[in-house]
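Q: Feature table excerpt (TrEMBL):
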type: DOMAIN; residues: A:7-286; note: domain 'UvrD-like helicase ATP-binding'
type: BINDING; residues: A:ALA28, A:GLY29, A:PRO30, A:GLY31, A:SER32, A:GLY33, A:LYS34, A:THR35; note: ATP binding site
type: DOMAIN; residues: A:287-563; note: domain 'UvrD-like helicase C-terminal'
type: REGION; residues: A:676-699; note: region 'Disordered'
Amino acid sequence: MTIDLLKDLNPAQRKAAEAISGPILILAGPGSGKTRVITYRIAYLVRTVGVNPHRILAVTFTNKAAREMRERLERLLAGSVKDMTLGTFHAICAGILRRDGEAIGIQREFVIFDADDQEKLLKQAAADANVDPKQYPVGKITAAISSAKSQMTTPEKFRENARNYFDEIVARVYERYEKMLRQNNAVDFDDLLLKTVFLFKRHPEILKRYQERYVHLLVDEFQDTNLVQYELVKLLAGRHRNVAVVGDPDQSIYSWRAADLRNVFNFERDFPDAQIYYLEQNYRSTAKILQVASSVIADNRARKDIKLWTENEPGDPVCLLEAYNEQEEAQMVVREAERLTGSKKYRLSDIAVMYRTNAQSRALEEAFIRYGVPYKLVAGTRFYERREVKDLIAYFRLIHNPADSVSLMRIINVPTRGLGEKSIVEMQAWARGRGLSLFEALEASSTAVDKPPLTARALASFDIFYKLIQGFIEDSRQMPFLEFFDRVLERSGYQAYLKVQPDGEERLENIAELRTVAEPFNGLPPGEALSPFLESVSLVSDLDNLDETEGGVTLITLHQAKGLEFPVVFIVGLEEGVLPHFRSFDDPAQMEEERRLCYVGVTRAKRRLYLLRAFRRSLMGGSTVNEPSRFLEAIPSNLTTEAVSPNEPVQPLIPLQKKLYQYAERPPQAQAAQVSKSAAPGLSRTHVRPSAPAYKTGDQVRHPVFGDGVVISTLPVKDDHEIVVSFKDRGLKKLLLSFAKLEKT
DNA sequence: GCCTCTGGATTTTTT
DNA sequence: ATCCAGAGGC
């Protein structure tokens, strides 16, 4: 069986999987079986070569990818992968720091600050450094610091290199911020990587242990690594040098998060003996879709010469559609989705709609709701960013790490305990004067002789809060985790507090959801569950929970769509200013990234691809007329059609006489909520529906945008009406009565 | 402490 | 158009 393990791979894939010694760069085009190669390579290492899984390190970019890979490997290797290190850079580094961070002064109980905590701390740091947030927005400073961290620039180095006054300001805040992180016993996301590199450089003996252990390294999505991550790879691979990196420069779309596709080009320089393998056969898309993709990306300069080819059938032409505005664009998508699923060839879950900006999802959602077609929105407010979830987690974090003043500040007056801004500031000042953390100050202030200058009432409140948390700390060591969870929720008063909130019910549901996340930790001995629980909630994202099997059309940003595939893909908003986004206009490098983004979208499609644009689009209040996207120009016209379907008449604006409303029995909101767990119930938008149409064929009408026209036909659509009007200047337009502001003339 | 008003911004967000 | 943060009033 060992020989045949790789029999499912094509020759190129097989070579890449079998080249197990020395540095390897695998350039893998979209749909070329990259994941397959990685998993088989690991399986081959373990089963055929006999490598102990303990000696393998595999890095993915998302937890989801890590989980999926683990599942595949478990199937392939029957469960011997437990000892393998498999996870994101961040998760792996968190583990290393937990184990060995004390060598550089990071205590074992450290917490991970997310973007939200980071912002709060930075605001405080800026205030402490006397920086006026009006003059120097905290956001800009945050970006500067994060970018500095991604390039391994320490506060000291940053100060040395400061070239203008803004840099000076940033340096000041950066120094202060770092100090505060240490005081809070916290690290931010960037630190997880940075501190690990620092640990390795400072303590070669620790690095050596990891170097010795990991005989084989694998890095997926290498094009999206940043300098720090690459540095980690180089350090860890320093001993055995068996490092395989897999990536595709054409799919690098995260440069704004400091991903540096130069890593791909530098790999050959840093590992001159690297072998390079190309995976160029595409198994995913039809030949036409693939050619469209190639034509879109061909104009970029920063490329590796990956030549995609396929044995798949040519397939249908790619549909290019122009709508009048984003509402019509959305309507076209919904109708076509209905048409495709009506023919039973596709299910709704086979279909995805992709867009550049989240704001574009709105018009789409409205159309899906209006037509009663189930959809699921990836995004919305992310679960772990919801206030109630963050609040409760703040309790747990404080219990776990009382030095975490950011968490303390978050909850000290939630629910209200009569501790306002003023009392807290006093207490902070008092703490600082004595070199105490806030929590220590709470403890000390009740017995101190020189108490902070506060009312007895405030002091009592602080004391009650202190005793509350102190009690929780003891509880956490004594009871099963879920019992502890419930106790915190109840005795903190948070549960009662939520109950009386306007949207309390929903918030409590989110808490219940968090509780299910806590369940798996219940089996651990008392006192040992809190830490792993917190770790698990710090490093997850919402995409991790995207359920691809559930019914409904997927609405997703192009960024989030990376790594996914769908039989049918609609990309909307192919207009100058939207895709490419106008913020990229003045930077050629960014423009190339927009092109890659478009390429990523196109290559998600297996069988059918639709590229839509709107003539006019409302943006930030106003309405603009956009040119078609430059990315459409490169597409050879023999690959495309402007008909909705090549086999049907070319009349995209005339209603397709189809049974469109098979889902429409229940109220639309209920359906949307049902299929889109992560879509907030903000979807309970109300729809004002007109009664019978006051229009019939032949009526003269006026439209605020289109001008004068005559009604051609009306068509009852659920509880709305679709009206086709022939306008003097604009020709035929199909309008929804509830949308169009028509008046009779 | 909670409510309301105003001004500013508004790409993408794997961790 | 809309969402959010911060300010100011009750």
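A Cβ is built for glycine as well, from the same backbone N, Cα and C atoms used for every other residue.
Quantities reported herein were computed from a predicted structural model and do not represent experimental measurements.
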Q: Inside 10 Å of the Cβ of A:SER32 (ATP binding site), count up the other Cβ atoms and send me the figure.
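A: The Cβ of A:SER32 (ATP binding site) has 26 Cβ neighbours within 10 Å.
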Q: Count the other Cβ atoms sitting within 10 Å of the Cβ of A:LYS34 (ATP binding site), across every protein chain shown.
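A: Other Cβ atoms found within 10 Å: 22.
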Q: If I restrict to non-local contacts, at least six residues apart, and a C-beta distance under 8 angstroms, what lies near A:GLY33 (ATP binding site) in its own chain?
A: A:LEU9, A:ASN10, A:GLN13, A:LEU279, A:GLN281, A:TYR283
Q: Near A:ALA28 (ATP binding site), how many other Cβ atoms are within 10 Å of its Cβ?
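A: Result for A:ALA28 (ATP binding site): 26 other Cβ atoms within 10 Å.
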Q: Which of the three DSSP-derived classes (helix, strand, coil) applies to A:ALA28 (ATP binding site)?
A: strand
Q: Give me the sequence-ordered set of same-chain residues, not including A:ALA28, A:GLY29, A:PRO30, A:GLY31, A:SER32, A:GLY33, A:LYS34, A:THR35, with a C-beta within 8 angstroms of the centroid of the ATP site's C-beta atoms.
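A: Leaving out the recorded residues gives A:VAL37, A:ASP248, A:LEU279, A:ASN282, A:TYR283, A:ARG284.
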Q: Can you tell me whether DSSP puts A:GLY33 (ATP binding site) in helix, strand or coil?
A: coil
